[in-house]
Amino acid sequence: MRSEASVLHLDLDAFYAAVEQRDKPSLRGKPVIVGGLGPRGVVSTASYEARTFGVRSAMRMAEARARCPHAAYLYPRFHAYRISSRRVMAVLRALSPLVEPLSLDEAFVDLTASQHTDLSVKGVERIARDLKAEVTQVTGGLTGSVGAGTSKFMAKVASDLRKPDGLVVIEPGTERELLAPMSVTTIPGVGPATADRLRRVGVHTVGELDRLGEAEIVAAVGQAAGRSLAQLARAQDDRPVVAERETKSVSVEDTFDHDIADPTTLTLIVERIAARVAERLTGERLSGRTVTVKIRLFDFTTHTRSTTLPGPTDDGRVITRLAKRLLTEVDTSAGVRLLGVGVSGLADWVQGDLFEEAEDGEERTEEPAKEPVEQPVAAHHWYPGNDVVHDTYGRGWVWGAGLGRVTIRFETAETGPGPVRTLHAADPDLAPYSPLT
DNA sequence: TCTGGGGTCCTAGGACCC
DNA sequence: TCTGGGGTCCTAGGACCC
């Protein structure tokens with residue numbers, strides 16, 4: 001446990017809406033609501049003027065329009081938000097190299113890694129005041145709320161305490177007293193489901209949770225959540241501020257204005273979404289092994305289907321083919337409201353990083369290997385119905401794979417479906433064929 | 001015209017290996 | 001014929017966060 005309030009949390013106020021008001025003076029002082037504008041849109045950010053009408057983040061747009069019909073409704077301009085976000089993060093990194101961004105508008109800063117030595121409450125207040133001024137300056141007038149405390153948890157609680165444009169440093173030693181009357185939902189990781197479970201054992205506040213034993217908490221909410229909850233309820237939080245986090249997955253999803261049941265349309269959409277995922281993977285020099293399709297049906301039930309490749313890929317053709325196959329594994333005949341494609345199990349190496357230094361900013365001429373996994377290959381590396389093979393027989397699809405062998409069914413334009421060949425995984429005949437091509 | 005999009009982490013069961 | 005435990009990987013679903 002830190003003895004000083006050396007963790008700082010910055011939260012930009014109504015960030016998306018504030019950027020819009022900054023860039024369009026006619027919107028200043030007026031309710032502004034940023035989010036999806038379609039029939040199924042939800043609110044991303046409401047300006048403080050809109051919040052007085054009860055409009056909140058994650059609220060359905062239809063409800064927001066009912067509550068505040070005269071607001072300006074805007075589709076998010078992420079490019080603009082990203083520019084301002086980068087400037088703010090740069091300010092934070094100048095303060096301390098240890099900055100952990102949580103999103104475009106939020107970050108933790110570890111002040112023990114900064115050049116400041118006075119981390120008394122007064123000293124941290126001075127740092128925070130200067131920081132707020134600088135943030136406002138580099139963003140052309142945006143404000144942020146800053147909190148500081150002896151842990152991430154307390155810093156975040158602090159920044160929430162006075163919004164907007166707030167500055168709160170929680171004096172070390174006063175944490176439990178401060179937390180005791182607060183709702184358990186103040187604790188990160190406690191959402192509606194966990195709050196409900198705790199309510200059933202008579203716990204509503206952090207203080208009540210604190211008085212419960214760890215064993216009882218674990219019994220109520222499970223192993224991992226229970227242990228961390230028991231700690232956080234006592235204001236014990238040793239989570240470090242982590243500057244670099246590795247991306248674990250990349251996904252794209254789309255909710256349709258109206259449910260779609262037509263299989264051809266769904267296939268087309270899944271192709272388009274898979275291509276966007278592949279684009280982002282290659283753009284970020286990532287590749288992954290597991291492809292997942294997410295299907296939300298008309299009734300909001302959500303299904304995922306996934307498959308794991310023997311080696312990482314960023315090939316749009318491979319991702320698309322697998323996504324299309326996975327889509328067929330779920331009954332979509334009653335209507336689909338959302339389709340998504342994701343790739344996870346990302347390689348911890350960057351594809352082709354041996355080839356490019358790219359100091360000159362030129363296009364790379366050397367394409368990275370699309371298929372890191374080459375032969376020899378085990379039978380289970382072949383994907384029935386997906387892997388295509390060409391040889392003297394013509395074009396063949398892998399028909400079955402497993403138990404050390406691969407069956408391939410060939411067909412030609414003239415003769416149609418032709419012979420079925422069974423090859424052993426170690427068969428040299430299989431070697432020329434690369435799976436997943 | 002109920003319920004976004006991008007993520008992270010956890011759980012639980014089954015397969016498989018030693 | 002019956003019966004181990006531990007570890008890892010994979011899949012599906014769900015909670016949660018901003």
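Cβ from N, Cα, C; glycine included.
There are 18 other CB atoms within 10 A of the CB of A:Glu106 (active site), with all protein chains counted. Residues or ranges marked as active site by TrEMBL: A:Glu106.
According to TrEMBL, the feature Mg(2+) binding site maps to A:Asp11, A:Asp105. Cβ neighbour count for A:Asp105 (Mg(2+) binding site) (all protein chains, 10 Å cutoff from its Cβ): 22.
Look at TrEMBL and you will find A:7-191 tagged as domain 'UmuC'.
Taken from TrEMBL, the feature region 'Disordered' covers A:415-437.
Within 10 Å of the C-beta of A:Tyr16 (site 'Substrate discrimination') there are 27 other C-beta atoms, taking all protein chains into account. The feature site 'Substrate discrimination' is assigned by TrEMBL to A:Tyr16.
For A:Asp11 (Mg(2+) binding site), the same-chain residues lying six or more positions away in sequence with a CB closer than 8 A to its CB are A:Asp105, A:Glu106, A:Gly144, A:Ser145, A:Val146, A:Gly147, A:Ser159, A:Asp160, A:Lys163. According to DSSP, A:Asp105 (Mg(2+) binding site) sits in a coil region rather than a helix or strand.
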